[in-house]
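Working notes, beginning with the structure itself.
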Amino acid sequence: MAAPSPTKTTWKLQEIVAHGCSVSSVVLGRSSGRLVATGGDDCRVHLWSVNKPNCIMSLTGHTTPVESVRFNNSEELIVAGSQSGSLRIWDLEAAKILRTLMGHKANVSSLDFHPYGEFVASGSLDTNIKLWDVRRKGCVFRYKGHTQAVRCLRFSPDGKWLASASDDHSVKLWDLTAGKMMAELSEHKGPVNIIEFHPNEYLLASGSADRTVRFWDLEKFQLVGCTEGETIPVRAILFSNDGGCIFCGGKDSLRVYGWEPDQCFDTVPVGWGKVSDLAICNNQLIGVSSAQSNISSFVVDLTRVKMTGCAPQGPVPAEIPISQPAPTGTSLRRIYERPSTTCSKPNRVSPTSDDEEKESRAEIQNPEDYKEIFQPKNAISRTPPRNSEPFPAPPEDDISIVKEAVAPTPDVVTPATSNKKNTEQLQRPPVAASTPIVCQEPSPVPAPQSKPPVISAARNEPIGLKAADFLPAVKSSSPTEVVDDEAVSQIRKGHDTMCMVLTSRMRNLDTVRAVWSSGDIKTSIDSAVAINDLSVVVDLLNIINQKASLWKLDLCMTVLPQIEKMLQSKYESYVQTGCISLKLILQRFLPLITDILAAPPSVGVDISREERLSKCKLCYKQLRILSPLVKSKASQSGRYGSAFRELHLLMSGLE
């Protein structure tokens, strides 16, 4: 019987438990699209194949949670930054620590390798950007100019520029040769999370928390395009290989955009939640996402995705070359001039001292997969690399997930087995074979302490929202088969209850909206607080946070007690809104509050000053109440922890 033809556009490869605690960073290898690196709260970096459940290698050495991870272009080196501000670079082929770099005063929030030279750039919550020489083990230059955390760094394809994105709503371009800032791009209305250079032309794309992707001409340093329609902050973008379009990973969706003119070519539903990184290989787009301690990998068949103004042509036989569509942007834009190189493989750098090598180990968890990927047998260096085969698509009528394997964490000693029949081998450029240093099995570590549950917004199904929770308990002595009428009755009961919840929510929003339409923001917040519905307050703050000028001192008095409730909420969206609101209050009003409280009393009666002093005292008191809460949550990993640590730094002026 013939197998059904693969007709799916998107499918899930697998879901695995990557760490014994929260995953703080996930990144794909852009060269092969087959390697995944994860950093976690356990201070380790784990290497995975996107379609295999077993950990290939575990990299140790950091003493604080890992905040950011990045491969180099050839996927032979990997760098990881930690909460303490240190960087560690590993040689994956030699399975050794290469460098340990110290210098940042806060979390390392962004990393990137230079495309040609042996340099690494790092950005931090301390607002500084450092350029490191891997060979000399030192900082070459420090770039200062951002006022808030640096979230993303990218070298230009020719290696002459460095672009940085920050929470201060700006993108800055730095000239590496001159060591100074070339331009500042500041059209975004929210923190900038991700930036990508066009592979050929002088064009830069930036994704922001304002839910837009903006395109910048790097010859004139002007905005040439802006997308609309994203429902959540943009965190993952990637240009196509030919540069004709850009892929934007959103909440359970993939959008394909063009520019000049701005247009959305296609929208593809993908169940990846909030995607963390994207890569392209063999006309397939690979996406990875994380939720607490799990990571998931997904595939999108680009032959079935509309990437131009014309309709997609469907699957193309492997023997027929695929014609690439013409770029949508202007063809007159300047093109990068890449330096000529005689060898694509970088010179081998000597490892660090023996003491650092003992502290930082590369523990090979799966020797067979490690040899297949990093040390292929009978490899001849002058032989051109073979292309890896694309992942086979499941048939359309097969609704089961292709792979969903939960692997044991590498910290627990368990026998790792590999299934070669059902997995794809990773093909890499041939390198000289060498014998890896196989470290001993890691000793078991104690289980992490239980933490209060947090309902993440990056999920495929609602968590904690079950129809049974709204229905009365049914006593039954033995399980019986539910007939159709009973099932319909139960569904209707849950539906009625949910309608009541939504109707109440809409009624509350209508009440607040009536006050909001009069233009009185303070009264609107007061009415929302009086209703005693935190979700309505969150909705209002999401609007106010988009325009910082709406914030006033008397508004802070009302909002700060509500922020305390949001930071203690189990819903991620509530915590995120509370962090953003508290950050705006600290940045705009904390200096004013401290100055007014420290000022000597004036002579005579000044009613307006007395009112300001009273408001400042109330705000200061509430901020002091929030300070221990923020400090206790600053030890968390991931974007949560980064946000609370940044708030903790901003609140240092209270002490």
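Cβ from N, Cα, C; glycine included.
Under the heading compositional bias 'Polar residues', Swiss-Prot lists 339-352, 415-426. The compositional bias 'Basic and acidic residues' annotation in Swiss-Prot covers 358-374. Residues or ranges marked as region 'Disordered' by Swiss-Prot: 338-397, 411-431. Residues annotated as repeat 'WD 1' in Swiss-Prot: 18-58. Annotated repeat 'WD 2' per Swiss-Prot: 61-100, in sequence order. Per Swiss-Prot, the feature repeat 'WD 3' maps to 103-142. The annotation repeat 'WD 4' is assigned in Swiss-Prot to 145-184. For 187-226, the entry in Swiss-Prot reads repeat 'WD 5'. Residues annotated as repeat 'WD 6' in Swiss-Prot: 229-269.
Under 8 Å from some Cβ of the repeat 'WD 5' (187-226) lie the Cβ atoms of residues 148, 151-152, 154-157, 161, 163-171, 173, 232-239, 241-243, 246, 248, 257, 259-262, 327, 329, 333-336, 546, all in the same chain and six or more residues away from its ends. Taken residue by residue, the repeat 'WD 4' (145-184) breaks down under DSSP into 0 helix, 22 strand, 18 coil. Helix, strand and coil residue tallies for the repeat 'WD 1' (18-58), in that order: 0 helix, 19 strand, 22 coil [DSSP]. Taken through DSSP, the repeat 'WD 6' (229-269) splits into 0 helix, 24 strand, 17 coil. Within the repeat 'WD 5' (187-226), the DSSP-based counts of helix, strand and coil residues read 0 helix, 23 strand, 17 coil.
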